[in-house]
Amino acid sequence: MNEYNNDNMEQEKEKKKEEQKYKNIIKKEYFIFPRLYDKNKEIEYNKLRIHNIKEYICIHLTISLFIILIECFVFSFNLNIKDTTYVEICVVIFSILNCLMHIVVLIKMYFFTSESVYTKGVFIGYIVLNQVFQFLSLYFFTKRNEQSKNDIAHLKYYDNSFNLYVHFFVDSVFILCLPALSFFLSVLFMMMFLCLNILLINMIKFNKTNYGSDIYHICLLSVVLLMFLILRYMMEERNRLLFFFIKDMMFDNYKKWYSDYIGAHYDKDKDSTTINGDNNKYEKEKCEDYKFLFSNKCILFHDFTLNACYKDYYSMICFLNKLLKSCNIKEDMSSNTSVNINGDTYQNMNFHDNINSNIPKNYNSFYEELKKNLNESDILTIAYEVEVLKNIKKINCDEIGKNWDYSFIDSEYGKSTLVILEVGYHLISPYIENNENKKKKLQLFLLLINSMYFPNPYHNANHGATVCHLSKCLAHITDYDSYLNNTYMICYLIASIAHDVGHPGKTNSYLSETNHILSIRYNDMSILENYHCSITFSILQLIGFDFLINNEDTKLVEKNNYTNMRKFIIELIISTDMKLHFEYVDIFKKRKKSQNFDISDTDAINLGTINIKLADIGHTCLKWKDHAKWTMLVSEEFFSQKRVEELHKNKNIDPLNFSNFGKEDNIDEGMIFNYENIYINYINNINNINTYDYSYIKLNFIHHHDFVKSIPSTQVYFFEIIVMPLIKELQSMEKSKKEITQKVLHNLNINLQTWRLIEKNINLFYNTEKMTGTDYYKNLEKQKLLRGIRLLDIAEEDVISLTKNFKEEIKHGKL
């Protein structure tokens, strides 16, 4: 018996240790009304929320001050100097004190920092004093009127009832919207405010019996405002946890839910509650080895990620559930499968029979058992094996990664929804050692990268694959691939294919100007480039980075470690920040002139950055048809950003207001890295939903002639100042075939000449199928001013002849 008790005590101790270990997010006493476990993080969270409504607070104070000034004027309007009573003096004094308090608080809010003013005490003090002053002013003013039997004839639209309703509404909305107050405190203030106003009505109308309608109306207004409070509370990102409880209560058996969730896991003696992703319940963790997906990013409060604390864990559960279900229902699942459970291998577990069984109970028990013994990588691997392998197209094209002039944007590979996976595997797999597990990890990595490229007009998966293709071409042209071992070639190609992963379709300057959450996280320094690196290494951390290392390498083996490879990849991705363009070009120029310039060692990273930089803007050096299409796409993306910027200016949207984050015409929340978004894009890819094919993209900028007119001059400037010097630095690195001179630089010169021609005659730009719906095109067609040749069909000889004809027309005064 003693041994049994000792065992129980040891188990209890272990449980307490585990509870202490996994104690993190939600305090049990705030299970329905979530609070961060760490008090300091809760304070930071509230500061940021209040900071976001700074303007709202100032607007409220201004409106309230305006109302009180009107009241003060009314109170002093009937002030009779000859027979002034103490009541009249009190009315004016209380009104003036209220005005002064509003002015002081308004100045404090507007001019002082959040740390010194955005405290709960300030707001509670303001609310209490405002109500005291207001109560006394109205009471004494009404009492004075009753005593003198003098209605306010001079201001007939002003009466006591109207004043009550205005104050009640304005001050109640302020209380209900103020995030510094907790839910219960807001409700408490609201109820106290209601009682105070009912008392005031009774005191004001003490000699009248028919004031029930006023009480009824003010109570009805209170109900509406309380509904608004609940709605505001539920709409706050971190409080959406309650939605998931309601969902579980509605769709699951209530008694089972109550006994499992409340009876078993909502014990008063427990300090905190955590989320168990394995069994989709909110309970204590039992598995010591269990780990959350990116717990340091998604679960814990980190870098002011407002939507991460109380939302992503459930998104993660949904993602894992959907993946498992989508995997298990496949008919092609092997009927003879082994599953490792608690270290033991069980053979002949028939997935098909269990999943397609007509008895849901059997399926659920097997499903739960399966989930308990699979970690995140296993689940993703199962999904990958079941879904993706059947959809991968093996690339049988020797031109990808070798021929600079290959028309990738129009190829069948460029239009594939799995373009990153297919092209990346085609280019990287030759450098992977002959190991099936490593090749599988490579495919899984590319799948997740593919799923985090979003359907922007320009910065999409097609762009990522194109840059990888061009980077491989440049590695061959500059003989870079002969200096690197297989491990670093893998890193080089991974950096190129993931260099824009997660791109939201907005520039760094936009993120910085709008104080976007990413600009705060990365301190306005290479914001997106740092974000791309973060996503890349987060995925590598999940699935393991061992597939990067080729153990068959015979050179630079001592440098084949994760730290060096990580530094190499980060440097390559950061170099694509155009703000750092001249800095990287100058570094390469100086190193190239140095006597100890050595690509095989210290300068490998310098040449790599120049290669990937040129590949990133490499569409400028493609054939005109491909380059013109990419220009259309990048112009559309810039135009979309311009529209959003104008929207912010027109609406006077506070750049510090993060509440606009995730709305239409802003950066979509779905473009922030989490596993729910990976799953959504994953399903779109599996279902072959391609939203970034050039032929399907709608171009909105074509209807704005001023924007269209600016494109040629912008391109000419970009070619001359940015691209041309970059290519000339690489010319000295090309091999005997002179491909940079004969292909890259040649294409650039032709494209530059074409843009100069279009700059002088913008009508050429409109002669394309995409432009046929514009008013400008119709006008040109009506006046017969369109040239015979289409924009995308312009060839080298056409540029020469058109330039010659254009000069002759200018000479003869026809233009």
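Note that Cβ sites are derived from N, Cα and C of the backbone, with glycine treated the same way.
Swiss-Prot lists His459 with the feature active site, proton donor, giving sequence analysis as the kind of evidence. The feature 3',5'-cyclic GMP binding site is assigned by Swiss-Prot to His459, Asn460, Ala461, Asn462, His463, Asp500, Asp616, Gln715, with similarity to another entry given as support. Per Swiss-Prot, divalent metal cation 1 binding site is recorded for His463, His499, Asp500, Asp616, and the stated evidence type is sequence analysis. Positions annotated as divalent metal cation 2 binding site by Swiss-Prot: Asp500. Positions annotated as domain 'PDEase' by Swiss-Prot: 384-762. Annotated N-linked glycosylation site per Swiss-Prot: Asn207, in sequence order. The topological domain 'Cytoplasmic' feature in Swiss-Prot is assigned to 1-56, 108-120, 232-815; the stated evidence is a curator's inference. Here Swiss-Prot flags 78-86, 142-160, 205-210 as topological domain 'Extracellular'. According to Swiss-Prot, the transmembrane segment annotation covers 57-77, 87-107, 121-141, 161-181, 184-204, 211-231, on the basis of sequence analysis.
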3',5'-cyclic GMP site span - longest C-alpha distance across His459, Asn460, Ala461, Asn462, His463, Asp500, Asp616, Gln715, in Å: 23
For the binding-site residues Asp500, Asp616, which Cβ has the most other Cβ atoms within 10 Å, all shown protein chains included? Asp500
Distance between His463 (3',5'-cyclic GMP binding site) and His499 (divalent metal cation 1 binding site) at the Cα atoms, whole Å? 10
Cα-Cα, whole number of Å: Asn460 (3',5'-cyclic GMP binding site) versus His499 (divalent metal cation 1 binding site)? 11
Other same-chain residues whose Cβ falls within 8 Å of the Cβ centroid of His463, His499, Asp500, Asp616, the recorded divalent metal cation 1 site, in sequence order: His459, Gly464, Val467, Ser496, His503, Thr576
Rounded to a whole number of Å, the separation of the Cα atoms of His499 (divalent metal cation 1 binding site) and Asp616 (3',5'-cyclic GMP binding site) comes to 9
The average per-residue pLDDT within the topological domain 'Extracellular' (78-86) comes out at 57
By a 10 A CB contact count over all chains shown, which of the recorded positions listed here is most packed: His459, His463, His499? His499
Under a three-state reduction of DSSP output, how is Ala461 (3',5'-cyclic GMP binding site) classified: helix, strand, or coil? helix
Would you count the other C-beta atoms found within 10 angstroms of the C-beta of Asn462 (3',5'-cyclic GMP binding site) for me? 28
